[in-house]
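S.K.: Handing you a structure now.
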Amino acid sequence: MCYKLHYNEVLLCNRDALVYTSCSPHGRKRVFVWYTPQQMSHHHDFNNAALPDRCEGIEFDAITPDEKGTTFFFKGPHLWKGYHGSAQPSNEHFKELDDIHNIGHVDAAFRMHNIDNPDKHDHIYFFLDDKVFSYYNHTLEDGYPKQIQDDFPGVPTHLDSAVECPKGECMADSVLFFKGHDVHLYDITTKTVKTKTWSHLPVCTSALRWLEHYYCFHGHNFTRFNPVSGEVNGTYPKDARNYFMGCADFGHGGGYRPRKCSEVKIDAITTDDAGKTYFFAGPIYMRLDTHRDGLHAFPITRAWKEVTNGVDAVFSYTDKIYLIKDDQVYIYKAAAHYTLIEGYPKTVKEELGVEGRVDAAFVCPDDNTVHIIQGQRILYVDLTATPRAVTQNLPLPLDGIDAALCNAKGIDLFKGPQYYHYESPMILAMGRMAPLPENITSTMMGCQD
């Protein structure tokens with residue numbers, strides 16, 4: 001009587017074990033080891049000794065976040081939970097990922113983004129050969145595994161990697177499936193596939209979307225790419241151990257820690273029509289509505305490449321984002337990534353009919369008025385008028401405002417590490433006494449309390 005175990009490499013071989021090596025149809029080596037019952041009694045110690053170390057440099061089979069925002073890295077029958085810690089057997093978190101179910105490893109994985117279909121949204125999909133497995137809350141859904149063609153018609157088998165691409169980052173809610181240098185763009189709504197060849201990219205053995213950024217992993221390196229064009233900007237590849245895992249002698253932040261909330265000072269903040277909230281400070285920006293997947297600052301030029309010297313004020317209106325710096329205003333379309341509208345930047349005077357430095361600006365939901373703060377004055381500009389001009393110029397009981405945000409809860413005016421809350425624009429306009437300031441918290445800005 002023998003027992004079969006499945007590994008990616010030959011880790012143990014002696015006269016009592018039969019080792020068999022084969023290749024899967026997509027070229028990955030598989031090693032099967034048959035043990036005698038006596039050897040099985042020692043398997044637990046063997047398995048612990050054989051745990052892979054990602055800090056030694058590993059080419060992952062797949063990477064995906066789960067519905068709670070925890071990122072899992074897969075290699076053979078093991079996984080790593082998050083960016084720190086040791087390898088664990090995959091079936092401790094996803095119990096069907098074992099040889100009994102013929103899932104000794106996965107080829108690709110992604111977390112579905114499909115808010116119009118709550119039965120699928122945030123589910124994790126694993127791919128192996130010609131099969132697909134759907135998990136939610138780490139439990140395999142009834143009816144799975146299925147043939148890939150049943151869930152994703154037109155998508156090839158034996159994939160290298162996959163990554164979700166929501167509308168606004170791609171033209172529609174989509175999934176990018178990688179096989180060699182071919183990228184199969186699957187439209188979730190229409191269930192159609194468009195195939196592109198990105199020969200300039202390495203073959204992505206795993207892929208990850210994190211905070212609107214897309215990463216192709218190859219070997220122990222990664223390359224960041226644009227999910228629409230495949231374009232690569234910056235110096236790549238980079239070693240994943242410096243960025244995506246806590247390894248001794250590796251790292252790119254020099255022991256960086258978030259700034260204390262008492263030291264926070266932002267230059268601008270806005271929420272666009274898709275519900276994305278960004279704050280800006282100096283040369284960086286951070287998206288705030290993605291707490292589940294983490295918070296991280298990026299250069300402003302990463303998303304708005306023409307804005308090279310920071311911002312003074314930012315506001316959003318009709319699927320566009322307005323970034324103001326000195327006397328210039330840049331307007332970007334908020335389609336598949338931000339694109340500068342032709343003819344911009346223009347002067348603030350030409351675009352909004354406002355002269356002088358702008359300290360802060362905001363537009364409230366379903367409103368057509370931008371409120372411009374200059375010192376202790378607040379100006380109202382009707383964005384539907386042509387040409388645009390100031391319609392009201394009112395006193396403000398505050399000075400030195402850095403940024404402003406309006407949402408369904410009211411208006412927040414930020415000054416250093418504090419903010420002033422108003423219930424509505426009317427209360428702000430009529431008020432002669434400033435409300436008591438409140439402190440910026442870690443929940444709001446990702447800082448340290």
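Heads up, residue numbers simply count up from 1 along the chain you see.
Glycine is treated like the rest: Cβ placed from N, Cα and C.
Remember, TrEMBL labels are computer predictions, not curated facts.
This is the feature table in TrEMBL:
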type     : residues       : note
BINDING  : His252, His296 : heme binding site
DISULFID : Cys55-Cys247   : disulfide bond
DISULFID : Cys165-Cys170  : disulfide bond
DISULFID : Cys204-Cys216  : disulfide bond
DISULFID : Cys364-Cys406  : disulfide bond
REPEAT   : 57-97          : repeat 'Hemopexin'
REPEAT   : 103-155        : repeat 'Hemopexin'
REPEAT   : 201-247        : repeat 'Hemopexin'
REPEAT   : 263-307        : repeat 'Hemopexin'
REPEAT   : 308-355        : repeat 'Hemopexin'
REPEAT   : 398-447        : repeat 'Hemopexin'
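Help me picture these features in the structure, burial and contacts included.
M.R.: Residue environment of His296 (heme binding site) contains 13 other Cβ atoms, counted within 10 Å of its Cβ in all protein chains.
Within the same chain, residues at least six positions away from Cys55 (disulfide bond) with a Cβ under 8 Å of its Cβ are Arg241, Met245, Cys247, Ala248, Phe250.
The 10 Å shell around the Cβ of Cys170 (disulfide bond) contains 22 further Cβ atoms across the protein chains shown.
Secondary structure at Cys204 (disulfide bond), taken from DSSP and collapsed to helix, strand or coil, is coil. Note: Cys204 (disulfide bond) has non-local neighbours Asp160, Ser161, Phe178, Cys216, Phe217, His218, i.e. same-chain residues 6+ apart with C-beta under 8 A of its own C-beta.
With a 10 A radius on its CB, Cys406 (disulfide bond) counts 22 other CB atoms from all the protein chains.
A Cβ distance under 8 Å defines the sequence-distant neighbours of the repeat 'Hemopexin' (57-97), meaning residues of its chain 6+ beyond its ends; these are 6-9, 47, 51, 103-111, 122-124, 126, 133, 135-138, 140, 161-162, 205-208, 210, 217-220, 241, 244-246, 291-294.
Confidence for the repeat 'Hemopexin' (201-247), expressed as mean pLDDT, is 95.
Per DSSP, the repeat 'Hemopexin' (263-307) is made up of 8 helix, 16 strand, 21 coil.
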S.K.: On a C-alpha basis, identify the one among Cys165, Cys170, His296 that is nearest to Cys406 (disulfide bond); the candidates are the recorded positions.
M.R.: His296
S.K.: Excluding the flanking five residues on each side, which residues at least 6 beyond the ends of the repeat 'Hemopexin' (263-307) place their CB within less than 8 Å of a CB in that stretch?
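M.R.: For the repeat 'Hemopexin' (263-307), the sequence-distant neighbours (Cβ-Cβ under 8 Å, at least 6 residues beyond its ends) are 65, 68-69, 71, 168, 210-213, 313-316, 318-319, 321, 323, 325, 330, 332, 334, 337-338, 340, 345, 360-362, 402-405, 407, 414, 416-417, 440, 444-447.
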S.K.: Taking the Cβ of Cys165 (disulfide bond) as reference, which residues of that chain separated by at least 6 in sequence fall under 8 Å from it?
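M.R.: Result: His113, Asp173, Ser174, Val175, Leu176, Leu185, Arg209, Tyr214, Pro227.
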S.K.: Once near-sequence residues are set aside, which residues in the chain of Cys364 (disulfide bond), 6 or more away, have Cβ atoms under 8 Å from its Cβ?
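M.R.: Non-local contacts for Cys364 (disulfide bond): His371, Cys406, Asn407, Ile411, Pro425.
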S.K.: Helix, strand or coil by DSSP: which one applies to Cys406 (disulfide bond)?
M.R.: strand
